[in-house]
Amino acid sequence: MTYLVEMKGIEKHFPGVHALKSVQFDLMPGEVHALMGENGAGKSTLMKIMSGIYARDGGEMRVDGTTVYLDGPRAAQDLGIGIIHQELSLMNDLTAAQNVLIGREPRLRFGRLDEAELNRQTTEIFDALKLNIDPRASVGSLTIARQQLIEIAKALSYRPRVLIMDEPTAALNDAEIAELFAVIARLRADGVGIVYISHKMDEIKRIADRVTVMRDGAYIDTLDVAETPLSTIITLMVGREVTQSTPEIPDTSQAPVALQVRGLTRGRDVRNVSFALRRGEILGFAGLMGAGRTEVARIIFGADPRDAGEIDVGGAPVDIRTPNDAVRVGIGYLSEDRKHFGLATDMTVRANIAMASLERFTGSTGVLDEAAMKRVAQDHIAQLGIRTPSDMQAVRLLSGGNQQKVVMAKWLLRDCDILIFDEPTRGIDVGAKAEIYRLLQDLAAQGRAIIVISSELPEVMRLSHRIAVMCEGRLTGILPGGPATTQEQIMELATRRDTALAPAGD
Amino acid sequence: MTTTTTTTHAPKSAVSRIVAAGTHQRVLAFTSLIILLIGFSLASPNFMQTSNMIAILQATSVNGVLAVAVTLVIITGGIDLSIGTMMTFCAVITGVVLTYAGLPLLLGVIAAIATGAGCGLASGTFVAKMKIPPFIATLGMMLILKGLSLVISGTRPIYFNDTPGFSEISRGSLIGKVLPLLPIPNGVLILFIVAGLAAYILGRTVLGRYCYALGSNEEAVRLSGVNTDRWKIAIYAMSGSIVGVAGLLIASRLNSAQPALGLGYELEAIAAVVIGGTSLSGGRGTILGSLIGALIMAVLTNGLRVLSVAQEWQTVVTGAIIILAVYADMMRRKRSS
């Protein structure tokens, strides 16, 4: 057997989600094996199993032909399997060197640290990667790109035989990507097997030998990259559903403008973003990770301050400084992280639905009118089809899709005419997704203005009446919705980097 | 190859390094301390006397050692509410060893430190292995130890009259024997030795490194393959052994183990740590800061007493100082981010 790693029939369940359904994957020494699929396809879960962070529920994993059970990240490290996580996992208060060699600090006697040796070893590692980073710099003070490079240096310092990279270029610029690819080429020449997760098609063509495609937690196919056109890979990733259902796009060009944004700017995250949203319209926001879409939404909602820019609601300028201001003028924001920002998960469905409108249920004595809250909650449960045994069920016991509906009910009750949905179907099963889509379309049909931020292109294409695309904080274009727009057009705008120094905004 | 990188990062000057290291709060605390000293000196000629300065240092010693101990735990992002009653428990155990059992002095010292380490080990296990939030785990520990002290001593103080050398631990003066003009009590000397050791542990040892790492991003440390549970327990145990030293100091100063004493000391120590710029959310903090924080509290108490301000008001002022200190730190961080 020439396989470095071989995984077969891998199963993984999370509460309410069948995350991996009999997935297979193999890796040979000296190859770059791309792993592709939409968000939520199960790529990261599979790689967390390979690197010992999750335990598998079923299936077999072999390393060098021997079946292994990994009981933690340490066990994977000992087998030479390293991973660079998608989210940065660094200790911001520590220096670069302290981060790179965490857990393997050079020691003197009595547990004392050899700081000079620590910095020396790290300098060596950085030099080998041609990184110009001070090993003594505090990580929190560095840019995201440099932090990403430190993360990569840390993984490489284990001298892994298998290296998993989960979207390593999300925060890197072209020059840094070129450096990273040079490192990958050297590793490949040394016989290291590399698993490369990325959404960027051009990268796959540049460095990958083989590609495995996953969809909805299932294995689809493994192909030779050189012999496979990109369109085939995309078709496999997306499946057939997108091509079938194209949205009916109502003509909203005469509808009154609900929200107008001009020159919205916040540091480097959001640069001079302007757009208009009409009543009855669904405006999709597409872009890669870190493009600034959530940041735009948070500024409009008053959750983050802005450096510059104006916001009009219903044709009149408004001064939004806090979420409270935004809600007052009828803007609701449904966060991508429901559990942290959208719901009090230990409280009941009724309490959550009423949460943003409590004054409506408060009498002059300050006592809450439970009977009225119950009526309203039950109305919304019926209206949105929330599947719950009663309005007194704790929200944490509902499935992801039904939790999302509870958040929607909360904002509907608040009479928000402008609703911003950030990743509305993240972590939701396919069936429930279709229901959420239908609800969004109904809301638009009722005359509400809707923004949908999504990292899943098929979702944006299926829902949006118009598609706004962002790249590195800039709005690089607004495309019409429907079959006229292709994924390639969107990707082109989403990767249109600001190579010239001139601020190409609109 | 190495030369290219090192030349691009010319070593920073000592001054810029201190500023860059985010020691602003410590500088602020130190400046406040100096201003307090000058202010009280101007207000009363009795304040800046050698004897009064020594009294301030002596008053700092117990709270200072406790502050040093809890600094370690707070940097990991935890908290230890049991250090006050743990200190008393250690003193009581020392009483058992020296007075009840009549064993030699050295064994009493070892017993105090070992008892503290054992208590820390227990707290650490509750936090790391049983996943009980530190606030709750150490709240439970605080009551357990308070109760045990009363049970073991039969609610009566244990006196150390049979062990003549014991009170020397805190009240004698080794320095005074060499330099008669500077009769700094041993308690103060011990505080500085303990602080120096703890600062060394934090800055130069693996244990210290993991204090900061755990407080900064525990999950990242765990994913790096570090046995975070074991280190957390070790840190609580180390902190506990320092509390044992505080137990010796207070017992020696009172020449007795007072089983009802202890409650409230933990909050004073945490206040000193906070004034010294250690972040309660973990990841940041220094021993020097906590030491300065403890000194500020002692100077305030002493100075206000010299100015004949009622003790009730001293407490009010201390509370206000804590809020001001943390607010200043929050403002600074908001600006820098």
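Backbone N, Cα and C atoms are what each Cβ position is placed from, and that goes for glycine too.
Just so you know, TrEMBL annotations are computer predictions that nobody has curated.
The annotation transmembrane segment is assigned in TrEMBL to B:27-47, B:53-74, B:81-101, B:107-128, B:135-159, B:179-202, B:233-254, B:260-280, B:287-307, B:313-330.
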Beyond the flanks of the transmembrane segment (B:53-74) by 6 or more, those residues with Cβ under 8 Å of it: 80, 83-84, 87, 134, 170, 183-185, 187-188, 190-191, 194-195, 198, 201-202, 211, 215, 235-236, 238-240, 242-243, 245-246, 249-250, 253, 265-266, 268-270, 272-273, 276, 278-280, 282, 285-287, 289-291, 293-295, 297-299, 301-302
When counting Cβ pairs under 8 Å to the transmembrane segment (B:135-159), the leader among B:27-47, B:81-101, B:107-128, B:233-254: B:81-101
Annotated stretches the transmembrane segment (B:81-101) and the transmembrane segment (B:179-202) touching (3 or more Cβ pairs under 8 Å): no
Recorded stretch that, among B:27-47, B:233-254, B:260-280, has the most CB pairs under 8 Å to the transmembrane segment (B:107-128): B:233-254
Of B:27-47, B:179-202, B:233-254, whichever stretch has the most CB pairs under 8 A to the transmembrane segment (B:313-330): B:27-47
Stretch with greatest number of CB pairs under 8 Å, the transmembrane segment (B:233-254) reference, B:27-47, B:179-202, B:260-280 candidates: B:179-202
Chain residues in Cβ proximity to the transmembrane segment (B:260-280) (below 8 Å; excluding those fewer than six residues from its ends, i.e. six or more beyond): 23-26, 28-29, 62-64, 66-67, 69-71, 74-75, 79-89, 142, 145-146, 149-150, 155, 215, 250, 286, 288-294, 296-297, 318, 321-322, 325-326, 329
